[in-house]
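Colleague: Straight from TrEMBL, here's the annotation block:
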BINDING   15, 16, 17, 30, 81  substrate binding site
BINDING   34, 38, 41  [4Fe-4S] cluster binding site
BINDING   40, 41, 42, 83, 127, 128, 129  S-adenosyl-L-methionine binding site
BINDING   43  Mg(2+) binding site
DOMAIN    21-239  domain 'Radical SAM core'
Ligand SMILES: C[S@@+](CC[C@H](N)C(=O)[O-])C[C@H]1O[C@@H](n2cnc3c(N)ncnc32)[C@H](O)[C@@H]1O
Ligand SMILES: Nc1nc2[nH]cc(C(=O)O)c2c(=O)[nH]1
Ligand code: SF4
Ligand SMILES: [Mg+2]
């Protein structure tokens, strides 16, 4: 089989620090390449060229082998993130292989591209980007993604997660929530300091930002069904990579 999946990191077991299955023990596979360039991206090395020499082209079998080498029998859940893994048409081989080996699959993507294999994912997080990112969401594309998931009977596996840095982001998030009212909706604290190396400084600021976000949500009747979360892994390990 051809070595067609560009991989930047494989790590774990760790816990999922974000979103719908926060706390779930999982392995991570991080693919290279993104069609966005968010101003605050905490994984910019996947697309800004700074780690281009670390990209390894792997087959699905090689990825499974590496997961087993690292995780042994201490995992049954694999999260595929990036970059944008939904750029990769042939990732379906990997999701099939992992599932046939008894693993559950989660995917993190921003909702700019659809791939048929997204319908086979157990925990699908779609994370449209708010104004602070500098990106513009194509809502027709996003509508189409949810439509395709619905047609395949996979809507129940999906959730929405919007990262919030300011009030304008919150307005954007409310628009998303209104448009897709039946999709579980998560708000996540934005990390403004992705290069901070002092964990105490970072964590106390993130906790203040989390409290601010909770205050906004509790005072807003349009957000009665929202779930508000921090990035748990950042509170534990700071900006460290590979955790
Ligand atoms: C690095 S992205 C990769 C997957 C996909 N490109 C996406 O953005 O959904 C994984 C998650 O991290 C979130 N994220 C990235 N930078 C962040 C930051 N500075 N603070 C909080 N969350 C961040 C993204 O919004 C996304 O939900
Ligand atoms: N522990 C942990 N949880 C995460 N949830 C989403 C992550 C990501 O970068 O996509 C991530 C990550 O990098 N680490
Ligand atoms: S879409 Fe995700 S990986 Fe791409 S730049 Fe934005 S946060 Fe980073
Ligand atoms: Mg991350």
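Heads up, the Cβ atoms here are built off N, Cα and C, so glycines get one too.
Remember, TrEMBL labels are computer predictions, not curated facts.
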Colleague: Spatially, which candidate from the binding-site residues 15, 30, 81, 83, 127 is nearest to residue 41 ([4Fe-4S] cluster binding site), comparing Cα atoms?
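Modeller: Nearest listed residue in space: 83.
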Colleague: Under 6 Å from ligand 2 by Cβ, which binding-site residues from 38, 40, 42?
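Modeller: Listed by sequence, the hits amount to none.
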Colleague: Expressed to the nearest Å, what is the distance separating residue 83 (S-adenosyl-L-methionine binding site) and residue 17 (substrate binding site) at their Cα atoms?
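Modeller: Counting only the Cα atoms, the answer is 17 Å.
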Colleague: Kindly state the mean pLDDT of the domain 'Radical SAM core' (21-239) in the predicted structure.
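Modeller: Its mean pLDDT is 98.
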Colleague: Scan 38, 42, 81, 83, 127 for binding-site residues whose C-beta lands under 6 Å from an atom of ligand 4 and note them, or write none.
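Modeller: Those binding-site residues that pass the cut-off, since their Cβ is under 6 Å from ligand 4, are 42.
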Colleague: So which other residues, same chain and not among 34, 38, 41, have a Cβ within 8 Å of the centroid of the Cβ atoms at the [4Fe-4S] cluster site?
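Modeller: Here the non-site neighbours turn out to be 36, 37, 43, 44, 46, 47, 133, 135.
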